[in-house]
Amino acid sequence: MPQLGLLPGRAWTVLLGLLRPPPGALCIRAVRSHSQVAEALFASQLKPHQEKSNFTIKTPKGTRDLSPQQMVVREKILDVVVSCFKRHGAKGLDTPAFELKEILTEKYGEDSGLIYDLKDQGGELLSLRYDLTVPFARYLAMNKVKKMKRYHVGKVWRRESPTIVQGRYREFYQCDFDIAGQFDPMIPDAECLKIMCEILSGLHLGDFLIKVSDRRILDGIFAVCGVPESKFHAICSSVDKLDKISWKDVRHEMVVKKGLAPEVADRIGDYVQCHGGISLVEQMFQDPRLSQNKQALEGLGDLKLLFEYLTLFGVAEKVSFDLSLARGLDYYTGVIYEAVLLQTPVHAEEEPLNMGSVAAGGRYDGLVGMFDPRGHKVPCVGLSIGVERIFSIVEQRIKTFGEKIRTTETQVFVATPQKNFLQERLKLIAELWDAGIKAELMYKNNPKLLPQLHYCENMGIPLVVIIGGH
């Protein structure tokens with residue numbers, strides 16, 4: 001059968017065979033389920049045994065293998081991040097790679113379509129985790145934990161269009177730090193921004209800026225500008241694109257695609273194109289429209305206090321109040337922040353990369369209550385480090401300047417220039433291992449000395465013990 005539409009001929013043959021009712025049958029649905037049809041179609045598109053030689057071996061789209069050299073770079077980045085988390089008193093936590101689908105549903109706004117759903121296994125509808133925040137909130141509610149400072153390093157999955165050069169993948173690591181519990185305003189939030197500064201400074205990526213705002217301020221802007229409350233989330237997702245596209249394009253999306261009145265969009269533009277420091281916070285307090293909105297005033301009050309604490313932490317100059325910052329995730333309720341690199345990285349010889357944000361976070365006081373049967377809330381604030389984007393920057397730097405990476409931590413190589421010394425080498429290397437010394441040897445009875453020395457040079461092994469007779 002010739003190919004019709006999107007399915008090859010063999011698939012159409014199978015499909016028509018499945019849908020053709022047997023003699024005397026009145027209803028196809030009683031004979032075949034949707035899953036049977038899907039499985040049969042999938043099987044029909046697999047190549048016959050004799051065609052397997054044409055199969056292309058590759059990783060799935062949006063994923064990749066990491067070489068030993070790349071693993072060394074990633075581990076060094078993670079060491080900087082995790083060391084900072086521990087320095088601030090965080091405890092480690094891990095959660096399953098997949099959750100019940102209902103746990104993740106309606107937590108991510110327009111991004112909910114990027115969640116990977118798994119095939120039904122035994123009656124539970126499951127999805128791969130989209131981030132580490134929602135599983136953490138589920139953990140707090142399930143275990144009735146009211147106070148916790150935790151960090152979590154783990155993989156997450158998103159069905160978005162991958163851009164490998166910009167560090168965007170469908171499978172990637174996140175490094176999260178969160179503070180859960182009822183505390184005085186803005187003290188935990190300020191510590192999260194301090195941690196963000198420490199990590200980005202410790203990774204030596206060049207100059208950076210942390211943009212901060214508050215979801216209550218943004219909602220207040222929408223309210224005083226005349227945005228219908230039913231459109232808040234939709235307009236918020238448009239504003240969130242201002243770091244990627246121009247205000248003209250954002251305005252066009254609001255008016256043409258989301259049905260916002262042009263004059264309302266123009267009023268929003270007067271606010272969301274503003275950014276500055278504590279002086280802008282003071283200016284917004286005096287704004288004739290915004291000062292009449294209770295939500296906005298609460299957000300501005302918290303930001304004023306936040307800047308006071310950031311000044312005491314010595315990082316206020318790294319932070320800017322940016323009214324265009326929206327953070328599209330639905331669960332944020334208060335202060336939000338996002339770190340961007342001002343130069344990527346510090347040397348002019350390197351090609352510039354538009355990496356987007358390298359760290360982000362905010363306050364989500366209502367998320368835990370969504371999982372609690374009685375709706376009991378646990379206030380939370382946290383941050384996430386974009387490891388993959390940072391890794392792409394560091395990897396390009398290494399490639400540009402030809403830096404050599406040691407892929408092992410071996411300290412000593414046990415060698416011999418003579419035959420029949422295998423037993424002596426094995427005894428010695430066992431003693432080194434037992435003493436906690438990282439050591440290697442060549443797996444040959446009678447190795448030649450020159451290849452052993454070449455191996456040490458290539459691997460950067462600093463010490464060689466040579467065993468031989470007189």
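Here, residue 1 is simply the first one shown, and the rest follow in order.
Each Cβ is built from the backbone N, Cα and C atoms, and glycine gets one as well.
Nobody curates TrEMBL annotations by hand; they come from automatic prediction.
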Of the candidates Arg158, Arg159, Arg168, the one that TrEMBL places in the L-histidine site of Asp131, Leu132, Thr133, Gln174, Asp178, Arg327, Tyr331, Tyr332: Arg158
L-histidine binding residues Asp131, Leu132, Thr133, Arg158, Gln174, Asp178, Arg327, Tyr331, Tyr332: largest Cα-Cα distance, in Å and rounded to whole number: 21
Nonlocal neighbours by CB distance (under 8 Å) for Tyr332 (L-histidine binding site), same chain, sequence gap 6 or more: Arg215, Gly362, Arg363, Tyr364
For the domain 'Aminoacyl-transfer RNA synthetases class-II family profile' (62-417), the mean pLDDT of the predicted model: 90
Fewest-neighbour residue among binding-site residues, criterion Cβ within 10 Å, set Thr133, Gln174: Gln174
